[in-house]
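Comments concern the structure below.
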Amino acid sequence: MAYISILLGNGTLLFLIKDDHNLHEPMYYFLGMLAATDLGVTLTTMPTVLGVLWLNHREIGHAACFSQAYFIHTLSIVESGVLLAMAYDRFIAIRNPLRYTTILTDTRVIQIGVGVFIRASLSIMPIIIRLHWFPYCRSHELSHAFCLHQDVIKLACADITFNRLYPIVAVFGMGLLDFLIICFSYILILKTAMSIASTEERTKALNTCVSHICCILVFYVTVVGLTFIHRFGKNIPHVVHITMSYICYLFPPFMNPIIFSIKTRQIQNSTLGFNMAVNVTCQHITSFFLVGVPGLETFHCWIGIPVCLLFVLTLLGNSIILVTIQLEPSLHQPMYFFLCMLAMNDMCLATSAALKMLGIFWFDAHWIDFDACLTQMYFIHTLCIMESAILVIMAFDRFVAICIPLHYASILTTSMVTKLGLAGLIRGVLMVLPCPLLIKRLPYYTKYIIHHAYCEHMAVVKLASANTLINRAYGISVAFSVITVDLGLIATSYVKILQAVFRLSSQNARSKALGTCAAHVCTMLVSYTPALFSFLTHRIGKKVPPSVHIIVASVYLLLPSAVNPVVYGVKTKKIRDRVIDLFFTHKKLSDKFVLTGFTGLEVYYIVFAIPFSTIYATVFLGNCMILHVIRTEQSLHQPMFYFLAMLALTDLCMGLSTVHTVLGILWGFVQDIGLDACIAQAYFIHALSCLESAVLLAMSFDRYIAICNPLRYSSILTNAKIVKIGVAIICRSSLLIPLGIRLKFLNYCRPHFLSHSFCLHQDLIRLACSDIRFNSFYALALVICTLLLDAMLILASYVMILYTVLAIASREERMKSLQTCVSHISAVLVFYIPIIGLTMVHRFGQHLSPLVQVLMGNIYILFPPLMNPIIYSIKTQQI
């Protein structure tokens, strides 16, 4: 953040001074020199500092180190010289204002700037040249994240007297001389200001110096502080030395643009004047209106749910990948460094797009500032190109690993990995940079509505009131060149890989080699397939509805970022094992059970994972939709729909109680579960089954009152009565508590393998070596007293309903009455049929494959929560 602020702040100052003719004065030319110097210091230290902090890249060559030290110290002296020149400028402006323009001409300003730079360059050169001649026999560890002269000479094994004395005499002498001349200048300035009769004029004159004085204090205080700590702070902790160095080289560049922006009115006016000039000269539209998904505005709230889900999965999944690779030393290899780049890029890309999309879908925040729109467009397209570049680099990594394995470590060194990453970043930055600049020149008079959910290049270009041929041609050329070049390089890599693999004699070796490419191939398919669809629909799909364009483009941005960490987590054993070690605690064997899941189908887990994830997502979305609709729609505040809300809430809890173990097995092969967690899961599964049965019974009672006694319906089923029924249903589930307590005290001496992908009571008691008669008889009694009794009462209700309906004379009225029961009857069948099937399989299917029991168990758990929202959405007109 500090580096970004420095680059933006000083870059903005340079741009304003260049663009605004009112700032073409000596004072601002010197300010431009100061900003350029600060940018130079920042760009000199930034590669090594961020390389150490982000990539743990700590090596630097001798030549690069000496060059960095030369520029750091040179630019520090340049900054001191520029501050002296600015003091001279203020002295002339206040002491001799009538001759200001004749003394400080443009030529004189250039001569001063060149003189300051030459003085610094020549003064530092002797000590840096000598560094090349020294032998370095001590430890080659530098104490900072960048090279400093005083750090390097400590490692030399030669006579370094000259290098110790010269900086003190020359460099320190120049800094002290500059400071003394600045102080003398301000004494004369103060003397002149005090001789002015008018207080207002004195204040005005001194105010022009405030910004410069603040910059002098910021620079010299940090330099003096660092010098004292280096010379006299031998007993101070080393971290203080490092922190002071960062402050010395980062604090002045960070503060200078802020100081001049706050304290200099001309800079403030220039910023405002630039925006006003744009508006006045061409009546430029300053904001755009992002529609979202045209034609689906009424569904924006629901579209926001999968967008939010994908965004959260992106942040969570990629964060886990980054943390895992950072904590596991065995993953500190080029392949995983490139994966880190991909993860960081995915997080930035999803953040750039998703936040504004969610603002549109959920908060109706459709407006976006013109510059903010261009910024979002720039980052989205840059990061997309960066993602493509990373995939190319990863293909190169696989090529080297398989085709030249003996040279892998020597080719893909840490330095090479960093260079490849920077090359991909620079390519993206430079290729996309012309796009916002070309758009900035276009006039926008009347059109301001962007039919998209985020700022996309072509969507913005189409609104311009001028010829956009250059913009269109450049956009097509960039997209075409990136796709063709990158896909061509990837294809070439994989052709070479396949040739190398098929030359291997062993089938096992061929499978192992190709297995290392599986994750990368999946990632490419996930990334390039939506990208190609989006590109084709934009270019040749003129008759395709706009909503399809938007949805495909959103999928192209969000889906790969969410899926990539899942792909690498599943396909890469090292990452999978490390994630399990990090995020899942391992207890002693006696307190741990193993969920076998889908025995015999382990190789197909990734195939099953996708439909199961879809089912769970449908369960959550469907039941949440039912609850939301009932809560927000006043006409649904009736007993029938209150009971439906109870059913939806029960189904939602049922999905939540099993999702972590089922998807944990399918996606991450996480099969361990603690005893307490297993008992808790079994309790909730069975308790929720009893709750669902009781809610279905309550709904049948509701239908009975509505049809058999309609005149008293509202007086019988009051809100208070409904609450009592709900509380009674919940209290009835407490009858299962003795079973859970009893399970805790059983002795489990048999192999701790459970036959399902979640814990069930009947599974647990089979592993116990204690007396389980209480559990068996109590469970059977509960089933009879709850599920069987509920089923009989539901049947009795419908017998009476049928008797009442058949007594109605009108056929139309009979059909209307029965229609109100269709949804409930369907829900009853959906619930009881899987229960009966599972019971039959457990009691009489000893010779059946264990896989049949597992499938029946999942149907029993997932089928009712999946189908109930669908049934009630289709069959109930009000819903």
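Our numbering is plain: 1 for the first residue shown, then up by one each step along the chain.
Note that Cβ sites are derived from N, Cα and C of the backbone, with glycine treated the same way.
Feature annotation from TrEMBL assigns domain 'G-protein coupled receptors family 1 profile' to 9-260 (among others).
Annotation comment: TrEMBL describes 28-50 (among others) as transmembrane segment.
Residues 27, 30-31, 33-34, 37-38, 40-41, 44-45, 112-113, 115-117, 119-121, 123-125, 128, 146-149, 171, 174-175, 178-179, 181-182, 185-186, 212, 215-216, 219, 223, 249, 252 of the same chain sit 6 or more residues outside the transmembrane segment (70-88) yet have a Cβ under 8 Å from a Cβ within it. TrEMBL lists 70-88 (among others) with the feature transmembrane segment.
Marked as transmembrane segment by TrEMBL: 239-260 (among others). Long-range neighbours of the transmembrane segment (239-260) within the same chain, counting only residues 6 or more positions beyond its ends whose Cβ lies under 8 Å from a Cβ of the stretch, are 2-3, 5-6, 9-10, 12-13, 31, 34-35, 38-39, 41-42, 45, 49, 72, 76, 79, 143-146, 148, 211, 214-215, 218-219, 222-223, 225-226, 229-230, 233, 267.
Per TrEMBL, the feature transmembrane segment maps to 272-296 (among others).
Taken from TrEMBL, the feature transmembrane segment covers 302-323 (among others).
The domain 'G-protein coupled receptors family 1 profile' annotation in TrEMBL covers 317-568 (among others).
Per TrEMBL, transmembrane segment is recorded for 335-358 (among others).
Beyond its flanks by at least six residues, the transmembrane segment (378-408) meets 334-335, 338-339, 341-342, 345-346, 348-349, 352-353, 420-421, 423-425, 427-429, 431-433, 435-436, 454-457, 478, 482-483, 486, 489-490, 493-494, 496-497, 500-501, 513, 516-517, 520, 523-524, 527, 531, 557, 560 of its own chain at Cβ-Cβ distances under 8 Å. Residues or ranges marked as transmembrane segment by TrEMBL: 378-408 (among others).
According to TrEMBL, the feature transmembrane segment maps to 473-492 (among others).
Long-range Cβ contacts of the transmembrane segment (548-568) within its own chain (Cβ-Cβ under 8 Å, at least 6 residues beyond either end) map to 292-294, 307, 310-311, 313-314, 317-318, 320-321, 339, 342-343, 346-347, 349-350, 353-354, 357, 380, 384, 387, 451-454, 456, 519, 522-523, 526-527, 530-531, 533-534, 537-538, 541, 575, 667. Residues or ranges marked as transmembrane segment in TrEMBL: 548-568 (among others).
What TrEMBL records for 589-607 (among others) is transmembrane segment.
Taken from TrEMBL, the feature domain 'G-protein coupled receptors family 1 profile' applies to 622-872 (among others).
Counting only same-chain residues 6+ beyond the ends of the transmembrane segment (682-701), those with a CB under 8 A from a CB of the stretch are 640, 643-644, 646-647, 650-651, 653-654, 657-658, 725, 729-730, 732-733, 735-737, 739-740, 743, 758-761, 763-764, 782, 786-787, 790-791, 793-794, 797-798, 824, 827-828, 831, 835, 861, 864. The annotation transmembrane segment is assigned in TrEMBL to 682-701 (among others).
Within the same chain, residues 689-690, 693-694, 696-697, 700-701, 703-704, 707-708, 732, 735-736, 738-739, 742, 761-762, 817-818, 821, 825, 828, 832, 835 sit at least 6 positions outside the transmembrane segment (777-809) and bring their C-beta atoms closer than 8 Å to a C-beta of that stretch. Residues annotated as transmembrane segment in TrEMBL: 777-809 (among others).
The average pLDDT computed for the domain 'G-protein coupled receptors family 1 profile' (317-568) is 85.
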